[in-house]
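Report on the following structure.
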């Protein structure tokens, strides 16, 4: 009976559980499941056979009994769920409309809140602008206030500094004025843009007036401390007193005023250079006025003392204050074309000279590299004609003495070993010429040198005619007399003159002397110099 009742119940359940496809699809969408029991085409027998592939009646019967009970419970739960879903679906439309209304209300509330936030943000932005505007105004006010306070402090310092500057200027307190004036000038720089204000412009004019007064006072004090009479009143014979005076003045300046000026101003050198300018001007003026009183010894004395003083300046000062208006400091000695001036020999040259035995030879003076060279002595150049005229006279007397000595001593003695010896008077002539050229080259390398060379050229020709050509032996075959040119040329068909041993020795000496004069002239002369052609 029990089994029959269960079968009937199962059949009833199967009849109830036959759902339409639409309902079954909706259930699957609402409650998706992978359980085989939830499938619409579920077959209990196949499912059981899958779980129990072998036949065991007792176990299957128990399982079926349990499964039937479990199925009943599942069906009851499904019924409850279906009823809940169906009931819920009946209220979906009404709940949707209510939810839509609530969403619209929430959106309206959201828009309202957004508008309130926007309004509050605009108000906050306006408030921030007002606050920042106030802050900017406060910053500008603070900056202007700071500038005003600083300017007032500078104005107070400037006014007090100008008053103190004027008072110290009147009391000649130069040491205190030096520091104060620099400070006043620094403060005054802050008021360049305020010069349109009458009070500021007045203070600036007072500072300029104080500077001008200071300059005039300092110049007056220096003129009083350094009297200028010592640099202008003296003739050439007192020229060494000029230089002794400036040396004393420089010593006094270093002791009394040296610390008052910065070292980079080179005040001592500037004083010495200004003294040189004044001395050169005054000496030139005096020598033009008393040109007839200038003698050679006096001129040479003044030139020597002046060049010595210029050498003293070169040892004492660097020459860095010499401007374009005077002589510039020489960075390196210029290349000189003067044959009497050359550089000092290097140690290698001295060693080579020692090996050759040339140390006993006289050295030529070094080319001048004194930046002060000519700063005073240049004034003597227009009056070197006195020296040139004196050398003209001395060379004339020297040539006359050579002629008299040759006549008194007679021709040189014959010496077959030595051949023709050079006449001693020729060496004396060139030694004297070199001495004159060295003296002149220390003063000028221009027209005076050319004039002296021209004079020596004249007397070199006189020496050639009076000493050399004039003492050649006379012959009867030559109507014009014997000359050096005729000795060096042989004419065809001419008879050979016969000379004695003494005459041959004299001729050889004259020829050797002429050759020596030519070689020496070429050594001491520049290319193109008229002196070179004296023996050509």
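Including glycine, each Cβ sits where the backbone N, Cα and C put it.
The stretch that TrEMBL tags with region 'Disordered', taken from the ranges 248-287, 288-327, 328-367, 368-407, is 328-367. TrEMBL assigns the feature coiled coil to residues 100-141, out of the candidate ranges 58-99, 100-141, 142-183. Each residue in the coiled coil (100-141) has a pLDDT score, and their mean in this model is 88.
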